[in-house]
Structures are given as C-alpha cells and as structure tokens.
Amino acid sequence: MTSNAPPSAHALAVILDEKAPKFEVTEIERTSLVHCEIIDEGASFDPVYTAKARILGDAFQEIGMGKYQWCLFCLTGLGWFSDNLWPIAAGLIIPPTVNEFQYQGAWLKFAQGIGSLVGSSFWGISSDIWGRRWSYNLTLFITGVFAMAAGASPNATTLCALVGAWNVGVGGNLPVDSAIFLGSSHTKFSPPSHQYLLTVLSIWWAVGQLVGSLVAWPLMANFSCASAADCPRASNQGWRYFLYAMGGLMTVLFFCRFLLFHLYESPKFLMSHGRDAEAVEVVHRVARFNGRTSSLTLEMLQEVDRAAAKAGAADAKGNKATLLGTLARFGGKHVKGLFATPKLALSTSILIILWALVGLGFNLYYGFLPYFLATRGADFGDGSVYITYRNQVILSVVGLPGALIGGWMVELPYLGRRGTLGLSTLVTGVFLMATTTSRSSNALLAWNCASTVTSNIMYGVLYAISPELFPAKDRGTGAALVACANHICGALVSSDVWNAG
C-alpha cells in the first residue's frame, strides 16, 4: 500500500488531487498488518497534516528498528507496570489498614477511583495540548512521592487523600505512554515486522502484578495484625513497608526515565503545531541514536505548505501555532477530532462502551465473588494471610505468558487484532463464570489462573487497538476518554460492592 514515488511527491499528490484514494479500514484488514497510520490519515480533514504525516512516516520507515525503539519499549512499559501494580497495591493494603484505622474500605477504593479518573483525564488531554514529554516523566514521580508519603499516614483520612493523590499519577500512565509508544510506532518508529510489540508491551502489565505480589507476600504475612480487635501500629507495619518499597521503586524508575534516556517529542505533535524544523531535527536525532542517517529535509515539509497554498487548501502561512490557536485547543478541538466522521465517531463510541463494561465487569467480579461463594457454602477454611498472598503470586506468574500469546495471535492472518480480542474476551468470560462453581480453594485458584492468562491476552490487544483507532493528534485525548469510562464504572461498582458487603 506504499507508493514508489518520493515521499514529497506522494504527499503533494494527496493535496493537489482531491480525488486521491482514501484507504479504508476494510482494505487494511485484508493484510496481515493493521497499519493504523493510514486510518489516521484517512480520518483527517487537514490535507496538509495528512501529507506531512506521510512524509514523516516514510522517514521513520527509512530509519527502521533500532536502539531508540527498544529503549522506548522498555521505558514506556513502565507505564503498564505502574498501571497494574498500584490498583493491586490499593487492594492489598485494605485489610491491614481497616484493622488499624477502623474505617470502611470503600473510602479507599473510592479515593483510588477518583484519583485515577482525574489523572487519566488531565494527563491524557494535556499530552495532546502541551506534548507527551513532561506528562511521561511526571506521572511516575507523582506516584512514587505520594505513595511513600501514604506509608506514614497517621489516620484513615490522610491515607485516603494520599491514595487519591498517587492515583492522579497512576491514571495518566496508560493514556500518555500508549500515545507515545503506539503513536510513535505509527509514525513508523517501529517497522511493520515489529508491530506485534504493541501487544507484547502489555507483558509489563503482568510484571507489575508479579512484583507487587512478591514484595507484599513476606511483608504482609510477617508484619500484619491478626485481627481488628488488637491492632496497634507497632504490630501492623507491613503495609507501610510495602508502600515505602513500591513508592521508592517508582521514584527510582522516574530517575531512570528522566536521567538515563532522553525522550524526544513526537514529530507529528511538533508538525501539527507548526514546528516543522523541530520535527525534522527529532527525526535526525533518532537516526543518529540508532547509528543511521535520514534523507528527510525541512524543504520536503515546506514544499507541502507551498503546494497547499497554491491549491487553496490551506493558508500560505501553514499551521503556525498562535495564541489563538493555543486557546482554541482548550475548546474541545481534540474531542471533536475523535468524532470527525461517522466511522470514527462509531469507533470512539464503541471503545468507550467497551472500556466502561470492562471496568464494570471486572470490579463486579472481584468485589462480588467472595460474597457469592460465602453465601453458597464455599467455606474453604484456608484464608490465612500467607495462602492469600501465595495464591496472588501464582496468579501473577501464570499471567505472564498472556502478553506473548497475544502478540503471536494478532499476527495470524485470519485472526488479527479484532479476532484475538473477541476470542480472548469470550473465553475470559466463560472462565469467570466457571469460578462460581468452585467449592474448594484449589478449584477457585485453577479457574482464576485460566482467566488470568486469557484476560492478559484481552488487555494486551485492547490496550494496543484503542489508541490505534484514534487520530494521532487526538490520541492522548481518546485514551483519556476510554480510561475515564473505565475508572468511573470501576469506582462506582467498587464502592457499591464494599458498602453492600
């Protein structure tokens, strides 16, 4: 589907020929690779943006896969790592903190949900306005600092406030990091042969769960009160040690991102804000980092502006950012871009509904299942702290292959992303329903292991396909919208379940 003409000639053809063919999703899906950059270009109403995006895409295809992409894979993966670690951490500290502070655990879950909602909204939208770089660095820092502070909480009110504060950072990880890595791959930071990494990236999500479980197991089992009847602070230090350790880890990871690797701003973001020279410079810096060269020149992008001016498609001054343009971005421009065409509006709406249902279903399951089993005589008699955290570690380990399996499945010609997502979601639902038949701890653990593997496949594909279907310049806002839907349903359901219990 690529042109043999030089990048600039191909781009100008798009502008000057109003009848230039538009690639549809159905055409892309007939290939083994879903190249969502073309979806973005087909959905754009700005022919200048579309033409320049193709030039930048060809430039990164010329650079190919290298050190920069692999560093980006590891460092953006920390967002997935944090996104799964901290929801699990909040759940792990509820029993010991309830014993110590004598409060309703629903308040902590509610604070978690509100913080994540604020974080996903603010960081996702701001990354489309001010760029990805600062959001990318600050989310881990905020998470680490407030998590360590929460470890010293003297009461439940302070704890819930700090849980909400650290989740402002957690909530921004996936909207920002997915926009960076997935958006970067669709400007062809990653060549087609490595597109499966978009799904495999979710292995960091499973690693976050595993690390949290491994650290919590000895700390919670050895430094926690047996019951609320006798739980002074001195004998209930496990959850505090856990937050110090995990918050410290986040702070170290922040410095790894900030000091050891220089993240360049997205060339598409720079180009869409009229900063063509900076976009070209980023391309050349990435090429040098990989030990290669790029033939991209500023003249190629400027030629698009000149051709567009002659054709009456755009003002001769291009799309230079002005104060009015900056203010306009706060007026819902990026939200409107997600609903610019009927097909794009349908895709956005379906994704919002899917993420809302995921937040609803998984929180209902994990919140309601213990009550369901207890009222039907499933008294396992082995609910010790040791066994609880041992099982959590087992689930974390068996979930690791899910991302790798998902990365392999999405490359199958007759399955692809949509088929893998549909199949893994269906099988996960079956396994979740099967857990209600459990009458022993081992049976419940077995069903949960099965659902963990398939749900990790599902999440891997869902995390990859969601930003892919949004236009690049609105990708952070789109990721924020679906994350908000997920967190709203999760917070409401979690609070209702805990209050009902």
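Keep in mind that glycine also has a Cβ here, set from the backbone N, Cα and C atoms.
Annotation comment: TrEMBL describes 50-501 as domain 'Major facilitator superfamily (MFS) profile'. Among the features that TrEMBL reports, transmembrane segment is placed at 70-94, 106-125, 134-152, 164-184, 196-221, 241-264, 344-369, 389-409, 444-465.
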Sort out for me which stretch, of 106-125, 196-221, 241-264, 344-369, 444-465, has the most Cβ pairs below 8 angstroms to the transmembrane segment (70-94). 196-221
Given pairs 6 or more apart, does the transmembrane segment (241-264) have at least three Cβ pairs under 8 Å with the transmembrane segment (344-369)? no
Given the transmembrane segment (389-409), which of the listed stretches 134-152, 344-369, 444-465 has the most Cβ pairs that are under 8 Å apart from it? 444-465
Which bits of the chain, at least 6 residues beyond where the transmembrane segment (196-221) starts or stops, bring a Cβ under 8 A of a Cβ in it? 73, 76-85, 88-89, 92, 96, 181-182, 185, 190, 238-239, 241-242, 245-246, 249, 385-386, 389-390, 392-393, 395-397, 399-400, 402-404, 406-408, 410-411, 417, 456, 459-461, 463-464, 468
